[in-house]
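Undergrad: Here it is, the structure in full.
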Amino acid sequence: MSHLVGFRFAEVLLPRPLANGFTYEIPTELSPHIRIGTRVLVQFGPRKIYSAIVIRLHNNAPDNYEPKQILEVLGPVIDDVRNLQFWQWMAEYYMCTPGEVMNVALPSRLKLESETQLQCLIEEEYWDENLEAEDREILTITRNSPETTLNDLVKQYGTAAAKRAKKLVDIGVLGIKESIKYHSLEKWIKVVHINAHKKKEIEAILHPKTKAKAQQNIVLAYYQLQAEGHLFITREMLLNRSTSTIAALDALVRKNILEIREIKESALFSRSGVQAAKLTEAQQEAYEKILKTFAENKIALLHGITSSGKTELYVHLMKEIEKSGGQCLMLVPEIALTTQLINRLRHFFGERVSLYHSRMTDRERSDVWESVRKNDPGSQLVVGARSAIFLPFSNLKLIIIDEEHDSSYRQDAPNPRYQGRDSAIYLATLFGAHVLLGTATPSVESYFNTLQGKYGLIELHQRYEGLQLPEVHLINIREEKKKNRMKGNFSQTLIEAIDDALRRKKQTIIFQNRRGYSPKLICEDCGTVQMCDRCDISLTIHKAVHRLKCHYCGREKSIPPACVVCGSIHLKMLGAGTEQIEDELSSLFPGARIERLDLDTAQSKKRYNKMLTDMESGQIDILVGTQMVTKGLNFTKVEVVGVVNADNLLYFPEYRAHERAFQLLEQVAGRSGRSGQVGKVFIQTYNTGHPVLTFVKTHDYKAFYEWQSQERKTFLYPPFVRMIHLMLRHKDLKLLQKASIELTSMLKSVSEILVIGPEFPPVNRVNNYYRMGIFLKIPRNKSYLKTKRQIWSVCLDFFTHPEYKTVKFFFEVDA
DNA sequence: AGCACGCCGACT
DNA sequence: GTCGGCGTGCTC
Ligand SMILES: [Zn+2]
Ligand SMILES: [Zn+2]
């Protein structure tokens, strides 16, 4: 068997939650174009055509079925097998299928799926008289718009229409065709050249009295860009710089002064940015420690308080990678990917930075994918959110994970339910790349690893220019109420602080970890709370849009004028969200400029960006918001930070709640005190004595860690054990409970693991599915992989039981 | 996950 | 009788 002959069969992965790969035959003529990582078109099922990825090549003809043939080769999407190994690892580690991993890994532009198109084959005059009106309607639609799909019909007329259409196909009046929309992946860029020998014409354009001002601006912009050292001047850049329109540019092209050539984007040379700034003494020391840690092949954890200059260190490290020609990935929490950060990195790395996150368009994402795959200089440095770990790297040298502790690195639904930080660490080991974790408040896991000697710890505790840490004041809501010093949700102390800041033209940030106006609408007469009819949770009032919304399933409805049970019109709102806080602030400080930053207002990119620039330039006095105000924003005029109520952070029923509370409070506190004045933080609470708050007050991470790790050691939580959360779902509550109880007892057969539960999660019904969870605790000295396999086999066994077949389940590994 | 097939209740 | 509901099982 010679490898020159090529393989006869390919195992492919489909973007579906299927446990195994599927084998297709390779037509001889396609054989030379197919390798591992090639994207191919295959038929799967009776009609549908999908793009799939080749994961294995072989010559073993299957004996129990006749494989279908690969229809077409779409080209490579992954060049380095290590990326596929990464997918495989993730599926196994996070207990899901490789298809599910593929589904999140690939930008959707790379996932083709055919649609069934219908065409009317017979002229109206020959239509059978016996056809019903609905049939005629289907025929009319398909005749008028020949691209009508089966899905279009279903969307418009319901599933019945699909059955009708199939009948029409059977009797031969309707034709059926699978159609796929192909996408070109190569990006062509229009590059502009100037014909310098056209001296006279150029002089004429540049003449101060020229009538063609727009054209003059373009020529000037061209010279400006050239002077800045750009090797390629694209049409895009020219139009942006000159503010002229395409019309003016076309005129110059017609005069033969400018010339436009199209080149592939991958052929562009990218200009690098400026040199990195010199490090301070403390930073230099930290830098050397990081290098030393890397030299020992260890992961480095950089524990540096806000404003200690972590980003400068990142830049220095990335500069080194840039010089060596390797690829570097910088992970950032999604909401911290602000223009502020991007501009800063562009300054240092010019056009060698690529962005990758979910708010980008599909086209932009697949462009970055291709660019990384080809190892273009334009994507030597990728700054991205969680999903950037799936990019097809081939020469990855360094991964930086900023805000390492951030909970948004975890994807909690759907599968794969993975921890992006931990996955990135595994990715790095596949490539032999170094990893730097950066944070002001390390996660308990990471800090634990430094104490175990697994990670190197680098501390950077000197703030810039001797900036001082903010003063934290705890305000006892109960006491304030007694003294009649609460106005709505605000204590007199906080009001006075805001007032003082306003008078001195300083900014204030108010943090409330809940969006909407109020989380509960309750009837004062019968006590009925407006609940979501699909979930076991109260509906949140969104006053601005006058609607009730479910934050779990997304359903919304208008606010009822009266109680739906007793008809009473005495409806009261309980609890406060950001909208209400904003309202209260406007009446407390009528003249102040107040803005709100939360998921609802950040929907519009424009409004979001405006808010950030207004905040920077001092156009906003008070910014109210959820966690979004705690991330990535470097506002320099903020002096006061207020936390409306810390208690809902502290008493969340989850073992990580205290860690999260500490991190959030420290971060929001860190927003203040960059203006030269010492920042002031006011935390309102009923529990001034809570340990977390005392640690925040003294900014004492180590004390917090000691306390928290003691708790987790005592009550057996990670990092002292491994923990997996197994969740069961079903529409029938009784069946779900029975299944959960039985499975729990079966899982106890797996040796040495601790099985806890089953218990209901805080919200026990979402989208009409009841949920029950089982916690599995696994000792650290036991093989994680082997135990997971045992758990899998118990579950597979259990869920093939006829009674429990319909119960759905999923795992949250390292929950 | 889709999608088809097939088995049962309610409406011409 | 037929239509349409959803439960069940397969997809190379
Ligand atoms: Zn009522
Ligand atoms: Zn809901």
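The backbone N, Cα and C atoms fix where each Cβ goes, glycine too.
Checked TrEMBL, it gives:
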type	residues	note
DOMAIN	A:291-460	domain 'Helicase ATP-binding'
DOMAIN	A:497-728	domain 'Helicase C-terminal'
BINDING	A:C523, A:C526, A:C563, A:C566	Zn(2+) 1 binding site
BINDING	A:C532, A:C535, A:C550, A:C553	Zn(2+) 2 binding site
Undergrad: Looking only at the domain 'Helicase C-terminal' (A:497-728), what is the mean pLDDT?
TA: 93
Undergrad: Please list the binding-site residues from A:C550, A:C553, A:C563 whose Cβ falls under 6 Å of any atom in ligand 2.
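TA: Correct list: A:C550, A:C553.
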Undergrad: Does any of A:C532, A:C535, A:C550, A:C553 have a Cβ within less than 6 Å of an atom of ligand 1? These are the binding-site residues; tell me which, or none.
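TA: Among the binding-site residues listed, not one has its Cβ under 6 Å from ligand 1.
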Undergrad: Give me the CA-CA distance between A:C526 (Zn(2+) 1 binding site) and A:C553 (Zn(2+) 2 binding site), in Å, as a whole number.
TA: 26
Undergrad: If you take the centroid of the Cβ atoms of A:C532, A:C535, A:C550, A:C553, the listed Zn(2+) 2 site, which other residues of that chain have their Cβ within 8 Å of it?
TA: A:D533, A:R534, A:I537, A:L539, A:H551, A:Y552, A:G554, A:R555, A:V766, A:N767
Undergrad: To which of the binding-site residues A:C523, A:C526, A:C550 does the lowest count of other Cβ atoms within 10 Å belong?
TA: A:C526
Undergrad: Pop the Cα-Cα gap between A:C532 (Zn(2+) 2 binding site) and A:C523 (Zn(2+) 1 binding site) into the table, whole Å please.
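TA: Each residue's Cα considered, A:C523 (Zn(2+) 1 binding site) and A:C532 (Zn(2+) 2 binding site) end up 15 Å apart.
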Undergrad: Tell me which of the binding-site residues A:C532, A:C535, A:C550, A:C553 ends up closest to A:C563 (Zn(2+) 1 binding site) in space, Cα to Cα.
TA: A:C532
Undergrad: Taking every protein chain shown into account, which of the binding-site residues A:C532, A:C563, A:C566 has the largest tally of Cβ atoms within 10 Å of its Cβ?
TA: A:C532
Undergrad: Could you say which of the binding-site residues A:C535, A:C553 has its Cβ with the most other Cβ atoms inside 10 Å?
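TA: Answer by Cβ density within 10 Å: A:C535.
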Undergrad: Can you list, in sequence order, the residues of the same chain other than A:C523, A:C526, A:C563, A:C566 whose CB lies within 8 Å of the CB centroid of the Zn(2+) 1 site?
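TA: Checked against the 8 Å cutoff, the neighbours are A:E524, A:D525, A:G527, A:T528, A:V564, A:V565, A:G567, A:S568, A:H570.
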Undergrad: Rounded to an integer, what is the Cα-Cα distance in Å between A:C535 (Zn(2+) 2 binding site) and A:C566 (Zn(2+) 1 binding site)?
TA: 22
Undergrad: Between the Cα atoms of A:C566 (Zn(2+) 1 binding site) and A:C532 (Zn(2+) 2 binding site), what distance do you get, rounded to the nearest Å?
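TA: Answer for this pair: 18 Å between alpha carbons.
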Undergrad: Can you tell me whether DSSP puts A:C523 (Zn(2+) 1 binding site) in helix, strand or coil?
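TA: A:C523 (Zn(2+) 1 binding site) sits in a strand per DSSP.
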